[in-house]
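Pulled from TrEMBL, these are the features on record:
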TRANSMEM  B:12-32  transmembrane segment
DOMAIN    B:20-440  domain 'DUF112'
TRANSMEM  B:44-71  transmembrane segment
TRANSMEM  B:109-133  transmembrane segment
TRANSMEM  B:145-163  transmembrane segment
TRANSMEM  B:169-188  transmembrane segment
TRANSMEM  B:200-223  transmembrane segment
TRANSMEM  B:258-281  transmembrane segment
TRANSMEM  B:317-340  transmembrane segment
TRANSMEM  B:360-383  transmembrane segment
TRANSMEM  B:395-428  transmembrane segment
TRANSMEM  B:468-486  transmembrane segment
Amino acid sequence: MKRIIAVLCIASLAVLGASAAFAAYPEKPIRVVNYVGPGGLMDVTSRKFVSIAKKFTDATFVVENREGAGGLVGMQAVLEQPADGYTVFAATTSNIAKVLTSKKDVDEFIWGFEWIAMLMKDPECLIAAKDSPLNTWEAVFKEAQEKKGAQLWTGPAAGGNDHLMAMKVWEKSGMSAKWIPYNTGPEAMMALLSGQGAVYVGNPADIGGREGFTIVAIARKERSPKFPDAPTFTELGIQGLEDEAMWRGFAMRKGSPEEAMAWWEDLLKKVAADPEWREFLEKDGIDVVDYGRPEFTAQIKKDIEDSTHYLKQYGLIK
Amino acid sequence: MEILSNLAEGLGALMAPVPLLVILAGVCVGILGGAMPGISPSMAVALLLPFTFGMSPAMGLVMLCAIYLAANYGGSVTAVMINTPGTPSAVVTAFDGYPLTRNGKAGTALGISLIASVVGGFVGIAILVLFSAPLARFALKFWPAEYFALAILGLSTIASLGGGRWLESFIAVLLGLLLNTIGLDPLSGVSRYTFDVLRLYDGFSFIPVLIGLFALSEVFSGIESGEIGHPPAAPDKERSPWPSLRDYMKLKFSMLRAGVLGTVIGIFPGAGGTIASFIAYDVEKRLSKNPAEFGQGAPAGVAAAEASNSASVGGALVPLLTLGIPGSSSAAVLIGALMIHNLQPGPELFTKHPEIVNTLFSSLLVANVFILALGLLGARLWIKAALIPKRLLYPLIFAFSFIGSYAVRSSVFDVGVCLVFGLVGWLLSRAKFPVSPVVLGMILGTMIEKNLRATLMMGGFSLFVQRPLSLTLLLLALASVAVPALRERRAARKGIL
């Protein structure tokens, strides 16, 4: 089925791309491989990116979906392709944690990639039900102390990015609680609304369009312009959570041509400055970035370090 | 009244060539996708998602919802005609639909499944339009304890699925539950029985298993019995009459009951149309005057299965529109569609873009009418499927099984899974084990495990009895197993005396 989509996309895009410039890269369609299904967060992001990128390039993009094993299937699919720069992996923070929790080879699954373009930082935040008595950080913290570790926090999969954030908050604030994982973020939010937990860990966009939620703390240096009422962790007296975010970006196999990687870095700079792209992300309180290889690689290193530390501490890996 | 005028407004907006064509296209794609084994409703919706990017948000949503609704009906066509459920929720439709076809009553089976789908669809939409706010509040009463209890209630339906073969059904359901332990642990992410095979991390993909157990095993049995050479029993007009209005009227309460059940169960994320159809079928069988007819070609069985799974569409949209939370995997794709158009799913949609919501509601009604029309037209064609000689049909089923299995995740591994489960299904039916409990076990296994463990983390076993809803559901489940067993014992004792 995905092949059919791919063929249809190529066919329709080939018509548009017939006037492609004679640049050395890209001289054929670029496949953007997603690890989520159509309509998933990264899928929507890649399709939007591609549609805006068309303002700046004649290149043809084909967005593909290779789901499975929490992203490992998609990563492997890209690693099996030649390192020619024509297969790009659409990655998010959760891929890094997934490689670590499933004990895959970091050198192969993470450093087998060149991390070329980081598009955004979606700040992590703690969300509570508006009508709950626990709708401020102080109240949450106080109850957590009283319950001595039995307070429940909700969110998606164990060991994922949001769970990691929860562990960071517990450590930095000196409290403890239990993580109840749900199938998806929205299900965990529904659980919060029905009183199953005290806090949901997610991103500001999660409360958009949904009634009854409030952000109790956000992991940003300053308050988010889109959510000015949400205090930062620093304001609440918790240090070390100034820059915790879920990122999305693109990666290519290690050993891909320098020209291809530089082309993507350059493309990202153009897209990141585009008003339509900024509006698409900023309306959800997401920070637009245009990181190239050095900054993105540094981010990946920090993620591996953090994940390993917390996953070990809470016994998810040895 | 306000609701009616809103609906009328929405309908008015749809009465133009383009919207009608969009709905028609959606219904066509949906029926075809649903009928293709391997393409579930959520996949059919996802498949067409990229095509809606260029449409207006309202038209895009209208088309996707039409596909979703139609795919739930489409699945019944192949279930009835060749015992191959095109969608997971059509498994139950095959229980009685296929025996009807085998008895030369394909017309009856197709007619009832179509009308039940349409009636169920209307029930679901009506409940969605009228009661979505209170239903969303009800959905919030469900904690993991209740989800666990609901799954147990679903599991208790095997008591009536096996048709008296208690031990075999029990073993089959255990097999399904055990198969579910393969893959990543749903709570801690530890990998279980995966042998480091990446493709096993998510467990067995449900659709290849389904196709194998039902479609391929049927082919294997056919080959074994040497049916290939024989000309099939021709279901001509005389012998395969279309049901009369009276036949439908007899089933009206079955359809309505199943419709309401389907809508209510459809609300809960993770439960959805499949469990709804199992439970609705079970209810009808228990209420029936001749329960022995079920599994042999009971019209009420087909009606219950189809009405409930079509109604679950309306149910799944309740939390999507009121809370911004998808009630099914298809509804989750709809969220993606909303997002790409810069719309936020959730209550804000009603206040900020009421016209989109009104159009959506009205379009579901129109789509349902189109399903009826296309279903009636198509039935003449589908009924011919029973005329295809087995030596042509079997290779076709084989080919479609493989394509369908591959299509789910573009994976050859899944083709192997389909083949293996074809053999498993064939061996099971040779040994007179029912196959459907395996499916039920696989659907419910993860739900049971996850919610049991989540409840234990939240407060221990006592939560199951402390929470009134969970206690009620568990008692219902207990009764639904115990009552027939006790009755049987009493009957046996009387027989001895």
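Glycine too: its Cβ is placed from the backbone N, Cα and C atoms.
Touching of the transmembrane segment (B:145-163) and the transmembrane segment (B:258-281) is concluded from the presence of at least three CB pairs under 8 A, sequence neighbours closer than 6 excluded. Counting Cβ pairs closer than 8 Å and at least 6 residues apart in sequence, the transmembrane segment (B:109-133) and the transmembrane segment (B:258-281) reach three or more and so form a contact. Stretch with the most C-beta contacts under 8 angstroms to the transmembrane segment (B:44-71), considering only B:200-223, B:360-383, B:395-428: B:360-383. Here the transmembrane segment (B:200-223) has long-range neighbours at 37-38, 40, 82-85, 88, 91, 94, 179-180, 182-184, 191, 193-194, 390, 394, 397-398, 400-401, 404-405, 408-409, 411, 414-415, 417-426, 428-430, 435, 438-439, 442-443, 446, meaning same-chain residues at least 6 beyond its ends whose C-beta is under 8 angstroms from one of its own.
Proximity of distant same-chain residues to the transmembrane segment (B:12-32), defined by a Cβ-Cβ separation under 8 Å and at least 6 residues beyond the stretch ends, is recorded for 41, 44, 47-48, 55, 58-59, 62-74, 77, 355, 358-359, 362-363, 366-367, 370-371, 374-375, 378.
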